[in-house]
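These features come from Swiss-Prot:
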type	residues	note
BINDING	466-473, 512-516, 566-569	GTP binding site
COMPBIAS	1-10	compositional bias 'Basic and acidic residues'
COMPBIAS	27-37	compositional bias 'Polar residues'
COMPBIAS	63-118	compositional bias 'Low complexity'
COMPBIAS	128-138	compositional bias 'Low complexity'
COMPBIAS	154-225	compositional bias 'Basic and acidic residues'
COMPBIAS	232-241	compositional bias 'Basic and acidic residues'
COMPBIAS	246-284	compositional bias 'Low complexity'
COMPBIAS	318-333	compositional bias 'Basic and acidic residues'
DOMAIN	457-626	domain 'tr-type G'
REGION	1-374	region 'Disordered'
REGION	466-473	region 'G1'
REGION	491-495	region 'G2'
REGION	512-515	region 'G3'
REGION	566-569	region 'G4'
Amino acid sequence: MSDKTNDDKTLSVNPKKTLTLKRPGVEQSTVRQNFSHGRTKAVVVETKKRKFSRPDEKPEVEAAAAPKPAAPAAAPQQAPASAPVSASAAQASAPQPAPVKAPATKAPAAPSAPVTKPHVAQQRPVHQRPGGQQAQRPRPADRSGMVLNTLSRSEMDARRRALEEAQIREVEERARAVEEAKRRAEEDARRAKEREESARRQAEEEARLKAEAEARRKAEEEAAKRMPQPEARSERRDDARPAPYGARPQQAGRPQGGRPQPAGRPQQGSPRPAPIIADAAPIAGKPLPQSQLRKPGQSDDDDDRRSGAARRGVAAKPEVRAPKVVKGEDDRRRGKLTLTSNLEEEGRSRSLSAMRRRQEKFKRSQMQETREKISREVTIPETITLQELAQRMAERSVDIIKYLMKQGQMMKPGDVIDADTAQLIAEEFGHTVKRVAESDVEEGIFDVADNESAMVSRPPVVTIMGHVDHGKTSLLDAIRHANVVSGEAGGITQHIGAYQVVQNGQKITFIDTPGHAAFTAMRARGAQATDIAILVVAADDSVMPQTIESINHAKAAGVPIIVAINKIDKPAADPQKVRTALLQHEVFVESMGGEVLDVEVSAKNKINLDKLLDAVLLQAEMLDLKADPDRTAEGVVIEAQLDRGRGSVATVLIQKGTLHPGDILVAGSEWGRVRALVNDRGEHVKEAGPAMPVEILGLQGTPQAGDRFAVVANEAKAREIAEYRQRLARDKAVARQSGARGSLEQMMNQLQVSGTKEFPLVIKGDVQGSIEAITNALDKLGTDEVRARIVHSGAGGITESDVSLAEASNAAIIGFNVRANKQARDSAEQQGIEIRYYNIIYDLIDDVKAAMSGLLSPERRETFLGNAEILEVFNITKVGKVAGCRVTEGKVERGAGVRLIRDNVVIHEGKLKTLKRFKDEVAEVPSGQECGMAFENYDDIRAGDVIEAFRVEHVSRTL
């Protein structure tokens, strides 16, 4: 070996080894480790020597590299194979430059790790593979003299199974350990979270208590500092006002560069005391005023004492000079604006009134004065918001919310509460409660007691009722001497007419009602608004269904009946038959020992009309009808319609009081001011007394026929009542459309109806009564499968909005005695909406019935054709299986429906694909003949099966 410099890297060539690049100062050696079953492994050990030096010494540069270690392959050649050589490691750690050969004695066979110093071990370079390039791995010596016992196959299998079971157990134990660790970690995390939450709550509570105590202490200090001392404060402000250009005084004893907080310095937010100006030299050539050169009240003796102390050598605190930075007039306003500096400025002082208010507030807080509680009577409706309740109680809504929070309820000012909760809150705040219902707005409007001393006789109200075409309107026309029938379509009365006639100087009010079945509700309203009912029965037609219905309505209303046997001039007239038929319905006329008046009349020839009127007046005299004309008007709406030129027009019958133009009235859910009163002859009148029918102009909307009306004091009351009734009607409509969830029966009905088909319609009519009759008639047409749905109905002409609604809901438009304007017609033609016009209700119902019948699914009707028995099954290419059959009953037609029956069980139903006889396609095969049949999309046929042929027909249904 030769010494080399540190930069010299030598290459050692060995024919048995690969080329290696040695690092200077590093010695390498190889040791061998023994393992079980005679296995060994060679390990390369590197040892680097490091020279330690004191911190004050400079490290010496090594002049020569470390001595070259012995060849790592020499040791294994001299030592036995069973003993690892550790001498090279010892040589590497020895300080001698020359290597020493290991003795040839046998070393103990203990596989030990390389002997290295842990604190001087050198890390491998990143690019160097461990032990791969420094030295060649020596070949293990031949293991001579060692005998391995071979295991049998059963032992090896047993060991393998034991090893596999051990591995499985190890995996399971590891999984259990992981689960246990995970569970323990989750438990620890949960407990730690609970501890943190508890500590956080405790810290928040302590912080809150500390903040409250601190705030209380600050408030007390603030109150003590702000005690009203006007004179002292003004003197202090005058004496302690800082000079604009004076230097800031320094406190004695303050070290240079530091800024400790003085002991008596007030906290932030409290008023800062005025600064005391010490002696300071003039700055920037400006002499300071005398008041700023020394403190107020300071004498020259103080200066002499201070200078004398300095001369006597007394240790005095060093005087700290003010900073040299001087702000100009503009620079003074660039600093940070704080509350303290803001309050100290002279221009921002409080006004005298603000000072007085502050003093009064402070006195009240000191004396703990409480305002006198004012108890109020709070009116509480069924539902009320918190904000409105607070306004009625003259309380703050915040106080109500705080009270509810104490009760465990989190609410906002806009939340709605019920009357019980509102009552509890109001009583808790010391108020008295007056509970009112929402319907109380209607109290005092209807059924007001009459003044008995002011009661006068009034005309009777007579309703003419009877079957269709029995002469009701003709009789009234004969009485009124006016041709009313010619104005009705088809001679049928479509809506109620109210008229007044005079007989022997006395007035009689007549109400004409429709007779056909669709106008049941209108007859019922007419009976309720009447005093006497005239039952018109044709002498040649006797009692009919609507006659019976009219009798029932009159009995239900409790009004007396006068029977008018009409058409006695006809040859087939039989008045006695009519009287006998009325006995079956408990109507006993006077001629047959009863109390019901009966008169035989002829409206066409005007026979016995005066006797009929005398009977009406006699019955009215027996009833002793009276009313108070001086009270507010009250009555019932007979009919309402929307007139193009006059707006909403309502025909009303006044039952009590007198109605004047200008009165404010409420009719159903509509209200308005009476603009005009028109009688039955089209004349404007200035007043309408009891039992007088008139038309009212001026309502905001069209009321429903049968609604009661009453005069109210002002518009606010009328608007409140109308809004309440509109809200009720809206809620009912929503509940009806959405099928509000009620009982189980209602829910089941809703489920059944949900599968029905609907026929949407938009209906516009001339008067409300006709629309109501059409709606009721269409409702009766509905079945479980189809029904008419009225999207919109109203009185008046057809407008563009009706067309838009019909287009959105895919509905048809029906006009009854009304027409569409030009814009509506153009819009309907453009959008493809059908508009149909009718003037007779029967035609309308028939057309709608026919249209609804088209929505019904057709009826499936099946006709049996015959049976055939399969004798043999043939498999034909491109056709499939073909059944060779014999027709045993009836016949089989091509294209007919078939059922495949096997053991009296239908296993397939389909259609015939082919029907052949002797390779010819035939239309049908009669009984007793053989044929070939194939099914569509079905091949599972066997000999012995029976084929049943049938024909299916779809028959359209009608309502």
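These residue numbers are counts, starting from 1, taken along the chain as shown.
In case you wondered, yes, glycine gets a Cβ from its N, Cα and C as well.
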GLY466 (GTP binding site), number of other Cβ atoms within 10 Å: 28
DSSP-assigned states of the compositional bias 'Basic and acidic residues' (154-225) in counts, ordered helix, strand, coil: 72 helix, 0 strand, 0 coil
The compositional bias 'Polar residues' (27-37) - residue tally per DSSP class, helix then strand then coil: 2 helix, 8 strand, 1 coil
DSSP three-state assignment (helix, strand or coil) for ASP469 (GTP binding site): coil
LYS472 (GTP binding site): tally of other CB atoms within 10 A of its CB: 27
Neighbour count (Cβ, 10 Å) for ASP469 (GTP binding site): 17
Cβ neighbour count within 10 Å of ILE568 (GTP binding site): 19
